[in-house]
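**Student:** Below are the features I grabbed from TrEMBL:
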TRANSMEM  15-37  transmembrane segment
DOMAIN    30-278  domain 'G-protein coupled receptors family 1 profile'
TRANSMEM  49-69  transmembrane segment
TRANSMEM  89-108  transmembrane segment
TRANSMEM  128-152  transmembrane segment
TRANSMEM  187-214  transmembrane segment
TRANSMEM  226-249  transmembrane segment
TRANSMEM  261-280  transmembrane segment
Amino acid sequence: FVLSGFSKDPELQHLLFFTFCLIYTITIIGNLLIFMITVHPSFCVPMYFFLRVLSILDVSTASIVVPKMLVNFLSEDRSISYMGCATQLYSVIFLGATEWYLLAAMAYDRYMAICNPLRYAVIMNNRVFVSLVLLSCCSGNVVSVVQTAWVFSLSFCGPRKVNYFFCDIPPLIMLSCTDTSSYEKQIITATVLVIFTPFCLILVSYACIISSVLKISSAEGRHKTFSTCSSHLTVVTLYYASGTLIYLQPKSSNSQDTKKVLAVIYTTIIPTLNPLIYSLRNKEVKGVLIKII
């Protein structure tokens, strides 16, 4: 296959290269710092185990997509092998689906911490945290294996030019010369199950959290918790909304440019924002960061 990328303008290619190179560098440094900070003995709370896993997922997602994209900005040869394309598709879906489920698990953890503080340490022990992470990974793997197998069971004929900057489901099925209507219905069903189900769980968790917060007599306590919830929900909404809009209309040629922008958001922008949103706004995290520096 040949990845078309964003533009053929040579001057724009160099600008895009430096832009995404900077974003990728910030992503790697930010998430590695969060990983190092949460390993510190001060953060033995199991919640920070989720943050370490989230950092690994964000770095992995960016590393699967961005390096190949950077090479293509400076090279005339934008080809990717059949097996390389399949591997990239599997990895992106696996990491994305795992993060969707992990975000739901994190919302449930916050619900237990705020709404059931006295039972939190008993219910959310280390074994439960590890089980939730493993369940998220296993679910993501199943989704990825099924979707990748279905995509590459299609027959590809004619031009192999992928109108995208990495191998993803919507641009690949547009190259198929077979009828993909039944497969597109399956994608929509999978999108509802994989994206909307955990998103609904997140909304229910935060609704319960907000209900509990409203009962707090301290205005400062309410403001602090609402601030945390709004930050989390902002990232969650960006992540889930971009994924939904991409996969609900997998073969819509009119929206390919829009899908590229949405794909940039969830593969490069959100991994850059996550360290700031989830950790660096925390005073304890910033204190340990200063000590490490």
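From the backbone N, Cα and C atoms, a Cβ is placed for every residue, glycine too.
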**Student:** Under 8 Å, at least 3 Cβ pairs, sequence separation 6 or more: does that hold for the transmembrane segment (261-280) versus the transmembrane segment (49-69)?
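**Tutor:** The answer is yes, given that the two segments have at least 3 Cβ pairs within the 8 Å cut-off.
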**Student:** Does the transmembrane segment (128-152) come near the transmembrane segment (49-69), with 3+ Cβ pairs under 8 Å (pairs 6 or more apart)?
**Tutor:** yes
**Student:** Checking distant contacts: for the transmembrane segment (89-108), what same-chain residues at least six beyond its ends satisfy Cβ-Cβ under 8 A?
**Tutor:** 47, 50, 53-54, 57-58, 60-61, 64-65, 132-133, 135-137, 139-141, 143-145, 147-148, 151-152, 166-169, 172, 194-195, 198-199, 201-202, 205-206, 232, 236, 239-240, 243, 266-267
**Student:** Could you give the mean pLDDT over the domain 'G-protein coupled receptors family 1 profile' (30-278), rounded to a whole number?
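**Tutor:** Here the mean pLDDT over the domain 'G-protein coupled receptors family 1 profile' (30-278) amounts to 82.
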